[in-house]
Amino acid sequence: MLSRVPAGTLSRAARFASQRASAGLPGARASSVRFASSASASSSAFQSFVNSRATLAASTLLAVGSIAWYTHLYGGLPFLGQVHASALSDEGLHPTAYPWPHKGFFDTFDHASIRRGYLVYREVCSSCHSLDRIAWRNLVGVSHTVDEVKAMAEEVEYEDGPDDQGEMFQRPGKLSDYMPPPYPNEEAARASNGGALPPDLSLIIKARHGGADYVFSLLTGYVDPPAGIEVREGLNYNPYFPGGAIAMARVLFDGLVEYDDGTPATTSQMAKDVVTFLNWAAEPEHDERKKTGLKAVILFSALTALSLYVKRFKWTVVKNRKIIYNPPADKHL
């Protein structure tokens, strides 16, 4: 069919189309708009997505999170050198990460272990270390009953007063009293321990790098010093302690205490129980915090789903409407 059309006809049609395009006629405008929208829609959408602030923030967060996670796992970045003011051995051996029962997002403390850990603290640790932030009442409902805690508190004499005559007096302990310290003051504690001050154990898990893993490794890590290392008199070698020399001697031995539930009192078992107890002492609200967090996640997830549904319901009319433009008819044609 095209071979039968004269060449002049084709040239006249081309000139007529160019004249309509240059004159800005409606038909030419509509065709050009349709062509531009169909050809560049996907590319413009991709460019807007790449150049959006949300994409920039997401990529930045991904990069920072990856670097932070790598640093958490391996302690540093391979392309950055590390400068230390002291030898790495002065920081102590890095403890092993143990699978504690309360380590998961939905896991709680082993309360039987807390009860056994308190027994180890009372029989072994309380002779040197205090627990200033824990009152007798904190044990109620966690590891002991009310009657058991009252009986334990009454075994301790507390100074109270003054009485009607202005004199101080001794009385049995109450649930509101805090656990008694082993020494009356800091000077007495240093004098009884060769100048070293035994730290308070209320927040020891949070105060030490490595937390529960470090304290457990420290309690079970006493060994003879290797060849070439000399430990001063009065100190003990423990590779997990910074510097390797610690004033506290080994205190946990097999069969040192007798558990009420019949659990074998091995060194590792006693260390695990007392670390669990100290972890609870550093964070008594641990179990309640996780329960509250789970409730909050469920509540806010439901609210988020409800808000998304309402938003979609309200905006669906606006987003799905169709706008049609009918250009005015050209009266000159």
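Cβ atoms are placed via backbone N, Cα and C, with glycine included.
Look at TrEMBL and you will find Cys125, Cys128, His129, Met248 tagged as heme c binding site.
The domain 'Cytochrome c' feature in TrEMBL is assigned to 112-264.
On the 0 to 100 pLDDT scale, the domain 'Cytochrome c' (112-264) averages 94 in the predicted structure.
Set side by side, the binding-site residues Cys125, Cys128, Met248 differ in how many other CB atoms lie within 10 angstroms of their CB, and the most is found at Cys125. For the heme c site, the Cβ centre of Cys125, Cys128, His129, Met248 serves as reference, and the other residues of the chain with Cβ at most 8 Å from it are Val124, Ser126, Ser127, Pro198, Leu201, Val251. With a cut-off of 8 Å between CB atoms and residues at least 6 apart in sequence, the same chain places Tyr121, Pro182, Pro198, Pro199, Asp200, Leu201 near His129 (heme c binding site), listed in sequence order.
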